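Data block below; observations after.
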């Protein structure tokens, strides 16, 4: 079915980071993972030729399909303009104002994985089922101390529960990407730890993971300009030694939040 659509419209892929999922088994498993109901409005980013769109529309109340490539937008209109429950939005998903939606299910363009994920996580929705490059997906769910534990892990953990649903081999796509992929399930929820100031916490995580191999004391001192703290030495001198002598990659999200909160409180006192 998918190959026939690609042939009919002379779609080659490769433009706009396009890799079309052509394996029907994986398409069906993605839809099943979304646990759709007839009441759900589903957002799909990078709808492509509509092979996932079509399956989503069978189970959901409405599908909002976002696509950047004008050629593919034309394909989507040709295939689905008669469908009452599919809305097609032509545009860049990073710039489009998303309508309200309940769930997001997408084979994401890999080049915008980080940006689009955190744009999504700032929206209210029930569940996400999203395709990423495999290594990116692993970084989203890695425990502290692992080589893949990163800023991405912390940021994801702050906004949502994340788990790998399945690994998808590169041969399931046309054209095949260079690496395997994985499907992540995201369930947004309130932060599992206290953060005094969300913006500062996320800046702090970005700063210390930019020097992840250094002890936290040095990582903080070396990134004071990023954190906009002129009196950083005075503040660091008041932070617990057991944290300062560890690397950022060895601290749990809760511990990093604790350090960020202490710095924020001390900074607010204007030493």
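Glycine residues also receive a Cβ, built from the backbone N, Cα and C atoms like all the rest.
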Original post:
Say Swiss-Prot lists 19, 21, 46, 92, 107 as binding S-adenosyl-L-methionine: which of 35, 67, 84 is in the same site, per that record?
Top reply: 67
Original post:
Max Cα-Cα distance in Å among 19, 21, 46, 67, 92, 107, the residues listed as binding S-adenosyl-L-methionine?
Top reply: 20
**OP:** For residue 107 (S-adenosyl-L-methionine binding site), write down the residues of its own chain that are at least 6 apart in sequence and whose Cβ falls under 8 Å from its Cβ; none is a fine answer.
**Re:** 19, 20, 21, 30, 46, 48, 52, 131
